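Per TrEMBL, the feature transmembrane segment maps to A:6-26, A:33-54, A:119-140, A:152-170, A:176-193. If you look up TrEMBL, you'll see A:9-83, A:95-166 marked as domain 'Glycine transporter'.
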Amino acid sequence: MSTRDVLMVADLVGVAVFAASGGSAAVAKRFDVFGVVFVGFVAALGGGVLRDLFIDVVPPVAFADWRYSVTAAVASLLVFRFHPQLVKLRRSVLLLDAAGLGLFTAASTLKALEAGVPAVGSCIIGMITGIGGGLARDILTGEIPVVLRREIYAVAALLGAIAVAVGFQIPVPDTPLMLASAVFICTVRVVALRRRWDAPVARPDPGA
Amino acid sequence: MSTRDVLMVADLVGVAVFAASGGSAAVAKRFDVFGVVFVGFVAALGGGVLRDLFIDVVPPVAFADWRYSVTAAVASLLVFRFHPQLVKLRRSVLLLDAAGLGLFTAASTLKALEAGVPAVGSCIIGMITGIGGGLARDILTGEIPVVLRREIYAVAALLGAIAVAVGFQIPVPDTPLMLASAVFICTVRVVALRRRWDAPVARPDPGA
Amino acid sequence: MSTRDVLMVADLVGVAVFAASGGSAAVAKRFDVFGVVFVGFVAALGGGVLRDLFIDVVPPVAFADWRYSVTAAVASLLVFRFHPQLVKLRRSVLLLDAAGLGLFTAASTLKALEAGVPAVGSCIIGMITGIGGGLARDILTGEIPVVLRREIYAVAALLGAIAVAVGFQIPVPDTPLMLASAVFICTVRVVALRRRWDAPVARPDPGA
């Protein structure tokens, strides 16, 4: 299996995991089967579509390559069908979600850098790709985005994106750079979950 | 009147109908006159703008051709002015909304196929165009999107988009293909409304 | 200092002001430090990113020029750190916000016209750029967008955008045209705030 194949498999695993997170949120809101697939689809592919618009990959790969949408649809349907059993899998899902965050952020930062976007912009595009799907999922289901509330999530993505941008200047070869950054993001996220790390919160002004 | 004119008239009727749906939702939320026009505008043109970004039609036709925005603005203003009387028209509006869903989905799927997007991606783009405006309307007015809840709506659009993609391969001439698919989507939607068809809903896990 | 420098400084002031408005909204919702920066970032740069996608400036300038994102991040962090004192500055913030609305709308309308977008579409793009950031801020923080409720805000932007489009046809030289329109928008907005002008609201149908 070539490096390219490894990356493709990793990408589709990320799509499946994010689709499952979106599908679960939609089931909990009692959406119908199509709503569950739709939210799963947006959670899995929304960030990547935005990224492709930003770096002028048109049509976005999520529409150009059928494997992306089929993977997202199948994962969402499995969640719809087998949801009751999924609670027991919650821990695995959180782990896989962290893996997806890492892979999406690292791969997208690299794609943006290779498309000629400057370093700061590439980091932001990479982070948006990683967190964008969860953001869309929360907006569609009427929640204030969890990623913006009390957890180390986007911060982990941003740190990993910066690592990719720094390595890209040195330069470190692409594939190890991407995989190491993905593992780094995933590790920070998992450790933060276990230790219940939170980023600081401002005290709102009592007079506001 | 040429086929092209027929399509343009149909397109603008769809814009007007979707603008009216957005405007009504905004009036119900007591938005001011500009808010009503804005929500009507987004509901009427939002899906098409996304579609054009996906298939690299830049600037999007909603900005390049003034008839689109003027139609959306006029329809929204009429709703703002004559809203009380509109309740009596509710049945007509639901019918016209179904017609708009059919026309937008079918025409957009065809546009995407002709722009070289593969079949699966074209169906998804067509469906997004058809349902996107209503989605944006519900997000802007603070509702969980109705299209994702308990009705056969997006499913009708997706089935029609698949019909367009299949016919495009055979190939069937463009205009009859598009119109037949639009009528099909509209019919499925109207029958579903009359019979109160719903797509299945998962039982949320009691332990979740 | 050349005209170009003047415009760049004005642009970055607008970014800082909108970032501060987004950051304040996020602090009030008790988002963590990253959430505050993220909402500030989206409020400051979201409208401009959309505009650049519409007129085919890819990657959007917010990603291509690091000064935009750094300005947005610094302004958001300052709000996070010094929020309690900001209440006393509320009046200045409202003034600066009006200035940002004027500058963003006028400059973006001009950019769209120069990119060859027809007049009506350019006005709409300019208005979307001016109001888009505040819209995204309100959606991210779970509020119905204030800009769509009871204030003269988007109307001021639209009037100024129309002034730019008219002046562009005559033609008036670009820089004075843009600055005069920006001042006009800012003045309408400030006078509306002082006099509590509202656009009219429809009475919702009691039978609805």
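A Cβ is built for glycine as well, from the same backbone N, Cα and C atoms used for every other residue.
Keep in mind that TrEMBL annotations are predicted by a computer and have not been checked by a curator.
DSSP places the residues of the domain 'Glycine transporter' (A:9-83) in helix, strand and coil in these numbers: 64 helix, 1 strand, 10 coil.
Look at the domain 'Glycine transporter' (A:95-166): DSSP puts its residues at 58 helix, 0 strand, 14 coil. For the domain 'Glycine transporter' (A:95-166), the model's average pLDDT works out to 86.
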